[in-house]
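In TrEMBL this protein carries:
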ACT_SITE  Asp238  active site, nucleophile
ACT_SITE  Tyr387  active site, proton donor
ACT_SITE  His444  active site, proton acceptor
DOMAIN    67-174  domain 'Epoxide hydrolase N-terminal'
TRANSMEM  20-38  transmembrane segment
Amino acid sequence: MQRLQVLKETFFGLDAVQQQLAVGSAVAAGGILAYLMLRRSEVKSIPLGEGWWGAGEKPLLEDDKVYPFKVQTSDEEIKDLHERIDRARYSDALEDGGFHYGFNSTHLKKVVSYWRHEFDWKKQVSVLNKYPHFKTKIEGLDVHFIHVRPPHRENQKVLPLMLVHGWPGSFYEFYKILPLLTENQDGLAFEVICPSIPGYGFSDAPRKQGFDSLATARVFLTLMERLGFSQFYLQGGDWGSLITTNMAQMKPQCVKGLHLNMLNSTRGFKVLMSLMIGPYLPFLVGLNREDVRRLFPFFEKNVWEILRESGYFHIQATKPDTAGCGVNDSPVGLAAYIMEKFSSWTDLSNRNLMDGGLERKFSLDDLLTNVMIYWTTGSIVSSMRFYKENLKSNPNNRIDAKTGIFVPTGLAAFPHELMHCPKSWARIRYRNIYSYTFMPRGGHFAAFEEPQLLADDIIQFVKKVEK
């Protein structure tokens, strides 16, 4: 009580200017203290949870060994494919329709003719097997992955890095970037792990409902632990972006750095103000000229364009099995469904071209190899279900959507990505951004399209973190 009286007498003994300074200092100190308390109380991780996704009841013990795996094919498999291709039925293409209505059937016939008569699946299987493949059982599922170690060199620092694909891609997307990451870069090289999301390619499909990105993140964290890695880097785009983000939220102490080439913008007052003021005074809301060029006019680029390109999304998020049965039965239907995304998602202007611009960035062998991974494993339906599992309820109400990401983060913003997320928006969730790069070219399938650009950005990010 005496101390309060002394403070009171001291305060009223000051002149007016000194009183204002004292009040201002107290308010500022209180604000800083409140901010620090809020930061301390903010949740910085999410629960791991648990699950079992195999058929039947969970056994008491699960085999945790890692087994070598090899991609294989047979004459019977290829014969069946050719017979189905030969029975394909096509519709007539619209004149000058390009790829605006989907995969142009006139060009589809040319692609399928190459597939039937020139594509060598046995040769591509050998290409797939150039890197070591493995499987291990986690939560009832055989999880497939490739594991590539760098050549041994003296005084070389080797860092583990997991690369995670999305839909309709596969681990094969990373085959061109792998040699760039495993070669020595100023004494630095990566030991790379590329898993197949369960339900995709050579990983088992979940047999129970509910296998979402959180379950995938936990499975992949178990995989890294099983391989002996206590700390590692992560990289992802498409679903891989969400999965690796969830991994960083679950075990931030294990994730040395998170690098993404796709992230969705968040809602909120800051984003709203950016949309209102950004076109006119971008610097006031944390945008620069390149942000403005990529974002605006906002409704045309980020609402109408997304509506034009997201029909598949609504189908797969609601009734994936209905749409999936057709493309699982028809190789031509499957090729059209998958390869159309490698046209428009690489560059929306490709829709104006009769050939969809498919071979501007990719070879037909590469595109068809990715299709064959889905065809030979019969995994298109289970891969489509991943949308349903992640969107059964409002994703903004999930625990991961309400939790920040605090690990060092690097973001590569490719100009033809479906949606642009400015750095100022990314900071709302990703609280520790080490690097943000406006990439000079490229679209959604970054590692497949521009392996050198993506590798360079990953390496510069990791070097910043390691310093």
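Using the three backbone atoms N, Cα and C, a Cβ is placed for every residue, glycine included.
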Cβ atoms near His444 (active site, proton acceptor) (within 10 Å, other residues, all chains): 23
Residues satisfying Cβ distance under 8 Å from Asp238 (active site, nucleophile), sequence separation of at least 6: His165, Gly166, Trp167, Gly169, Met262, His444
DSSP-derived helix, strand and coil totals, residue by residue, for the domain 'Epoxide hydrolase N-terminal' (67-174): 37 helix, 25 strand, 46 coil
Cβ packing number for Tyr387 (active site, proton donor), 10 Å threshold: 20
